[in-house]
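Peer 1: From TrEMBL, for reference:
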type	residues	note
BINDING	Glu41, Val433, His487	Mg(2+) binding site
BINDING	Cys60, Cys63, Cys481	Ni(2+) binding site
BINDING	Cys63, Cys484	Fe cation binding site
REGION	298-318	region 'Disordered'
Amino acid sequence: MSRRIKLQLNRVEGDLEIELEIKNGIVTDARCIGTMYRGFEQILIGRAPMDALAITPRICGICSTAHLYASVLALESVSNIIPPANAIRVRNICLLSEEIQSDCRQTFLMFTPDLCHSSYSTLNDYQSIVAKFQDMQGELYQDAIRFSRDIIEIVAIFGGQWPHSSYMVPGGVTSLPDRRKVINSLAQLQRYTQWFEHKILGTSLADWSRITSLAELNNFTQSSDSAIAILHRFCRDMGLDSVGSGSEKMISYGSLIDPENPQERIRSDGTYNYKLKKHAPLDESKITEDITSSWYHDESQTARHPMQGLTQPKYDPDSEKYSWAKAPRYDKDVIQTGPLAQLAVAKDPLILDMLAQNGSSTWTRQFARIHRQASSLIILKDQLSSLLECLDAPTMIHCPLEDGEGVGMIEAARGSLGHWLKIEDGKIKNFQVITPTAWNASPRDINQQPGHIEQSLIGLPMPDLDEPIEIGHVVRSHDPCLVCTVHLLGSGKKHRFGVT
């Protein structure tokens, strides 16, 4: 007997709905459906280039700093301008703070509450899971609200507000760093770090960084009652380390520009195929967007590089098209992005060993989001300390806004984010955005390749069709923004249940 399931996800870079076909308890087909047309690219056409700094952060409140950063880089690349080192440090500090708060909230407010479902009550550590992660009541659920607020205040210290800040401008930053701002930020960072070391890792950041293999991780988590240890044991007992693999190919644009060497990234860019154990340099020219399954019109019917991209909506519910999302591809391949991809491309030894042992999975993907915070906290402290040592250095240079083409590529909390623009006669002629969720939640392309999340769901066992909570685990490991409700359709019946 076949059944169809609809999972509706709100505000995942726009609303997202997932349709699944299930036969004999196994997902046999999946479709990611972007149900809302945004139109940000159209909003920007004909406007002054600087308007992008106010408009693009509104694409997403959770990662508004990342969109601001990408737009600034795109504008700077038109004129081939590199801002002063201190401006890069301030930008990195704010981007890291946003990333850490997003990783914290996604893990403890979005992903872990699902683990408290009663169907897992017979597993070891279940009582500890409920005590720590239960929705609204769990110890770490409540902690995450408080401490993620502390870390994101760093953006407000330098940028005046969060979300939707506008302190980054072509040539630098408008916020002058001073001793008070840096000391206050270091205090916010210390509070978060102490909590993260004590409650989440159960050890210091330095000691955690010495764990470089899955065997060492397993040994550490056997005797620890920290959050990461309990989650590692519990999620493996659930089998989350063997489902939700998706594409074996990964992409990262490189995280954090090196202030002392702006041509390099602190976490390197590139691609990685974990099955082949092969790293490769990033080639921006290989990025295209396909609209075969998307409600857009293009007479050429060919995949386009985003610099030549068209966004011409044409809704046709009776066609084979099924999503407002386009289908980004890299060298015509489906590829995944996010913390797991970012760390794999950057050659993190623990992540590479986990991929070699178990491959990409729901738990490996979620673990990477927690693991990334440890190194990000170290980098954030280093950036703040370096800024404190040279407060009198400049944070701005003149950046004329010329006609031309520009691209800004960075790593947002959810993965690779790119802005492409053309300026003509002092106005924006074209603007294209490819978000991390566009990479992961893309529909099928001209070769009928399912997108990454679609692939991660195909083959998923569904033992209880009345409560298919496995869908929530897989999808949430990709970091959708808000809680969702699943609709189960079959035999004329509709069942609804929460997966929050």
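Glycine is treated like the rest: Cβ placed from N, Cα and C.
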Peer 1: Calculate the distance in Å between the alpha carbons (Cα) of Cys63 (Ni(2+) binding site) and Glu41 (Mg(2+) binding site), and round it to a whole number.
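Peer 2: Cys63 (Ni(2+) binding site) and Glu41 (Mg(2+) binding site) have their Cα atoms 17 Å apart.
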Peer 1: Could you tell me how many residues in the region 'Disordered' (298-318) are helical, how many are strand and how many are coil under DSSP?
Peer 2: 3 helix, 2 strand, 16 coil
Peer 1: Taking only the Cα atoms, work out how far Cys60 (Ni(2+) binding site) lies from Glu41 (Mg(2+) binding site), in Å, as a whole number.
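Peer 2: Cα-Cα distance, Cys60 (Ni(2+) binding site) to Glu41 (Mg(2+) binding site): 14 Å.
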Peer 1: Taking 10 A as the limit, how many CB atoms besides its own sit near the CB of Glu41 (Mg(2+) binding site)?
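Peer 2: Counting Cβ neighbours of Glu41 (Mg(2+) binding site) within 10 Å gives 19.
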Peer 1: When a 10 Å sphere is centred on the Cβ of Cys63 (Ni(2+) binding site), how many other Cβ atoms does it contain?
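Peer 2: A 10 Å sphere around the Cβ of Cys63 (Ni(2+) binding site) contains 27 other Cβ atoms.
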Peer 1: What count of other C-beta atoms do you get within 10 angstroms of the C-beta of Val433 (Mg(2+) binding site), across all chains shown?
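Peer 2: Cβ-Cβ neighbours of Val433 (Mg(2+) binding site) within 10 Å number 25.
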Peer 1: Provide the three-state secondary structure of Cys60 (Ni(2+) binding site) computed with DSSP.
Peer 2: coil
